[in-house]
Amino acid sequence: MNKFALVFVPFPILGHLKSTAEMAKLLVEQETRLSISIIILPLLSGDDVSASAYISALSAASNDRLHYEVISDGDQPTVGLHVDNHIPMVKRTVAKLVDDYSRRPDSPRLAGLVVDMFCISVIDVANEVSVPCYLFYTSNVGILALGLHIQMLFDKKEYSVSETDFEDSEVVLDVPSLTCPYPVKCLPYGLATKEWLPMYLNQGRRFREMKGILVNTFAELEPYALESLHSSGDTPRAYPVGPLLHLENHVDGSKDEKGSDILRWLDEQPPKSVVFLCFGSIGGFNEEQAREMAIALERSGHRFLWSLRRASRDIDKELPGEFKNLEEILPEGFFDRTKDKGKVIGWAPQVAVLAKPAIGGFVTHCGWNSILESLWFGVPIAPWPLYAEQKFNAFVMVEELGLAVKIRKYWRGDQLVGTATVIVTAEEIERGIRCLMEQDSDVRNRVKEMSKKCHMALKDGGSSQSALKLFIQDVTKYIA
C-alpha cells in the first residue's frame, strides 16, 4: 500500500497537546508509510505561558512525517464555544492539506481525522471531505464508559438529573464498566447537573459515530472496563495505547534555577521519605484549607515537598497564583519547625520530582496524566480531586483498583465550575499521609507491580504497541 496520512485536532490546553503529540510520535515510529499533521487551535485564554513555549518547540521540530499547523489567534470565547468558533479555520487547514497532498505524486493519501474528546464538532469536517473520523480520549476507559452508559440511560428515559444536590444523594449506580457499585455523589459535575449534562450527552452520542477510539490507558490497568466496552456491541472499538507521557527533557527538571534547587534538595533526602503534594495547573486552595494542610504535614512527621498555590477567584479569567506572604497564612512558627524536613514551593517540575528516589508518596488532584506519571515511576497516590472527572478517577483508583490511599471517600465541589468545596480537616489529611507513606503497604506493592506492567505495555510486543498496530491496520482498511 502507498503512503497515507492522518490529521489530528487536539483540544488547545497543555495536557491534551502533550498526550496528542506523544501518540503521534509513537504512530509514525510504528508505521513508516504514515505521516501526521497536527492542527493546533489558539490556546484557551488563561492557559499558562509554558503551553506557548511547548507549541513553539513542537513547531521547530516539524518534519516531513510529523508536522504542526498552528492556527493564529482569534477571538477567545468560552470553553464550550472555543472549538466551534474555529471550525471554519480547521476546514480551511484540512482543505489546504488535502490540496498539498494531491499536488505531489508521492504524497500520502488522507486516511482520516483524529479528534480530541472536546473537539467532536470536527466530525463534520471529516464528513465533508469524506474520510473516517477517530476519537482520541485523553482520560481513562472507565470514565469514557460511564459517560456512554449515562447517555444511553438518558436516551432510554432511565436517567434524569434531580433538582436536589446530587452530592447529598445516597443512590448508587450499577455501571457495567465497574465491579463496585458507584455512588451518585461521586459523579463528575458534567454528568449530574442540568447546566452541563446536555453537552456531555451530545458528546456521548457523537462518540458513537466514530470509526474507533484511541484511549490514553493500557490494557493491564483497566481490563474489566475495556472488556465491558468491547462486549457492549454498540460502541466503536477502543484502542488502549497509553501511557502517553511527555517525559523527554523533563526528568532532569533543570530548566531553571528554582527547579534545580528543588531537585538538589530531593537528592539529599533518604529513599521514599518525602511526600509530594501537587495539584495541577488549575488546582489551588484558600487560606483556611492551606492551614489545615500545614498542620497535617507537621503532625505526620514526614518530609514533604508541597506545591501550594492560591485558588483562583475566577478560573475563566486567571489561573491560581502565589500567596503573597505564606508566613501570615500558615500556622505561626511552621517554617521554623519544619525547615529541616520540608519545602513549600509554588511551581513544581512534577515529572522530574516523581522520578526522584526520595519521593515516597504523591497527594494529587487525580488528573489522569498525573495518575499515569505516578504509575510510571511507581509512586503511590492519595487522591484529592478538585474538578472535572477527578472524583471518578479517585473512586476508581481507591475502591476499584486498590492503587491509591483514601484521604476521604466523598468529595464536594468543582473548582472549574466554581462550586464550593468543603474544608478537609488536618486529621483526615494526616491520616491519609501516614497510610500513604507506609513502606510495605498493599497499595505500595500493587503500584510497584502495575508500574512494571505500565513500562511493558509500550515495549515491542506489549499491549499498547499491539493496540497501535491494530489501529493502523484498521485505518488502512477504510482508505478508499
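Cβ coordinates are placed from backbone N, Cα and C, and glycine is handled just like the others.
Annotation source Swiss-Prot lists UDP-alpha-D-glucose binding site at S281, 348-350, 365-373, 387-390, citing similarity to another entry.
Residue with the densest Cβ environment among the binding-site residues S281, Q350, S370: S370, by other Cβ atoms within 10 Å. E389 (UDP-alpha-D-glucose binding site) falls outside any helix or strand according to DSSP and counts as coil. According to its DSSP assignment, Q350 (UDP-alpha-D-glucose binding site) is helical. Packing around E389 (UDP-alpha-D-glucose binding site) is summarised by its Cβ count: 24 other Cβ atoms lie within 10 angstroms of its Cβ, all protein chains included.
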